[in-house]
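To keep things clear, I will list the structure first and then write my remarks on it.
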Amino acid sequence: MTKTSRPLYISYAGPSLLEMPLLNKGSAFTPQERVEFNLIGLLPQNVETIEEQVTRVYSQYKQCASDLDKHIYLRSIQDNNETLFFRLLDSHLDEMLPIIYTPTVGQACQEFSKIYRTHRGLFISYPERDRIDDILRSATKDRIKIIVVTDSERILGLGDQGIGGMGIPIGKLSLYTACGGISPAYTLPIVLDVGTNNRELLDDPMYMGWRHERVSGKEYEDFIALFIDAVQRRWPDVLLQFEDFAQSNAMPLLEKYRDELCCFNDDIQGTASVAVGTLLAACKAKNETLGQQKVVFVGAGSAGCGIAEHIIAAMRIEGLSESEARKRIFMVDRFGLLTESMDNLLDFQKRLAQKTADVSGWTAGSEAFPQLLDVVTHAGATVMIGVSGQRGLFTEQVIRELHKHCAKPLVMPLSNPTSKVEATPEEILRWTDGNALVATGSPFAPVEINGRTVHIAQCNNSYIFPGIGLGVVACKASRITDRMLMAASNALAECSPMVTGKGDAVLPPLKEIQQVSRKIALAVAREAQAEGLALETTEEALLEAIERNFWLPGYRAYRRRSV
């Protein structure tokens, strides 16, 4: 699978070489390399191919008793031999994606201090805020191109996990490599340890993070600024991905820094891009336009509102005015439909609130604001998207009412992990007589209904962010814009089996994700060039750059370099 046979010249030898995950080959070191690098006697006699190694570790993986055990085992391989880890993933991505990322990574974050084995990435704690430059210089990799950073305050649907949130950057960067071909040598996971308000963690004698309540307000903002400044000094061209920051910080941080460096928030922008790509694919398959849809959101946090704004932007591209587009988006939170008469709406929610006069008479009961069923009924909804983190909010009554207004509604329960999903695909299909188009945030098995097998699309950000990262790295874009994200959404939609005629799933199978990432990368890079955010080149040069930056897991020959 390697694209080059050029040898790699390295200065490490003996046990030190075996302890470097990026360079270790384990039993695959050749006889010549074992002599040249002082490895004789440190490894079993037999020299194995990487395929033979994959067979062994997969056999060991299958012996693990639980999904968490499998996660721990895969991480141990990653910490020992990164090339073997990614070759194993490449061979079994469908099976292992739910183990290295959602839903299993959620439990791994909760148990982080209990299952901790060895260091990976950087832990930057608030008490060490005056040493951030030194900490970044301590990174074992120099040529960092992508950083995923979290402060762990909103890990999936699990809330504040303290330093346990490190599992998310590690998992996300594993997907950058497995799905988007970004070399693991160019990636760095970081957790910002600003304390935790999770009392269970503070009281846990095994908790490894800073035992202090979360820093907030100006102290928090100043700490983030110190971190951003230090990153820009160390790696001025890096792509910085914000991950699992709380709603109150996620949008303000994105708005503050998106024009200062190449950054994006995957929870807001990545989720929005894959959701819009899924919605565009469904519309194309039904020969409808996005502007014909009425979209109801259950959950009005930063992720839901980010998706809504991305849909509005796509509707405007189709020709709707902004006011027309906003009238087709309905945000429902725990109090009901967001309307202008609501108090305490956040700024990004106010833009999506319906005019009170437009929804007068929608309230069926004694509630102050229209509830979900009221909204679905009166809006004539055709699409319903769940980003609430609350199990069971898509009730049978609500889904059946949705089906009344649309023969083939698109239903997207996106909350993670599976225990938080608004409704299961089996429930949705049963309540719509098998007619709904379903895309979920977590993986679900195919559903048998009406004598046919329905494959469930996983509307997972892994379809989007690896391709965005690959495109940014390939063209050396200086920023990530909304138009680049829209280009990614359109590229994803064009890959849908429903659009290409290759199947009935809304999104392509995971076995095709590397090709999908390449197409998204090209679309993103083209748009970056069109906006003047990357040097203009020919399309052929872009394709060559994408392939040049697409790392494949295979061993290179080593040669000894004198120190």
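Even glycines carry a Cβ here, placed using N, Cα and C.
Summarising the annotation, Swiss-Prot assigns active site, proton donor to Tyr101 and lists sequence analysis as the type of evidence. On its own chain, Tyr101 (active site, proton donor) has Gly171, Lys172, Ser174, Leu175, Ser462 as residues at least 6 apart in sequence with a Cβ closer than 8 Å to its own Cβ.
Other Cβ atoms within 10 Å of the Cβ of Asn416 (NAD(+) binding site), summed over all protein chains shown, number 23. For Arg154, Asp267, Asn416, the entry in Swiss-Prot reads NAD(+) binding site.
The active site, proton acceptor annotation in Swiss-Prot covers Lys172. Lys172 (active site, proton acceptor) falls within a helix when secondary structure is assigned with DSSP.
A simple way to gauge crowding: the CB of Asp267 (NAD(+) binding site) has 26 other CB atoms within 10 angstroms, across all the protein chains here. For the recorded site, Asp267 (NAD(+) binding site), the DSSP three-state label reads helix. Here Swiss-Prot flags Glu243, Asp244, Asp267 as divalent metal cation binding site.
The annotation site 'Important for activity' is assigned in Swiss-Prot to Asp267.
Look at Asp244 (divalent metal cation binding site): DSSP puts it in coil. Cα-Cα distance from Asn416 (NAD(+) binding site) to Asp244 (divalent metal cation binding site): 12 Å (rounded to the nearest whole number). Other than Glu243, Asp244, Asp267, the residues of this chain whose Cβ falls within 8 Å of the Cβ centroid of the divalent metal cation site are, in sequence order, Thr150, Arg154, Ile155, Ile168, Phe242, Phe245, Ala250, Asn265, Asp266. Other residues of the same chain near the NAD(+) site, with their Cβ within 8 Å of the Cβ centroid of Arg154, Asp267, Asn416, are Ile155, Leu156, Gly157, Asp244, Ala303. Remark: Glu243 (divalent metal cation binding site) has Val148, Val149, Thr150, Ile168, Pro169, Lys172, Asn265, Asp266, Asp267 as non-local neighbours, by Cβ distance under 8 Å and separation of at least 6 in sequence. Put simply, the two farthest-apart Cα atoms among Arg154, Asp267, Asn416, the recorded binders of NAD(+), are 12 Å from each other.
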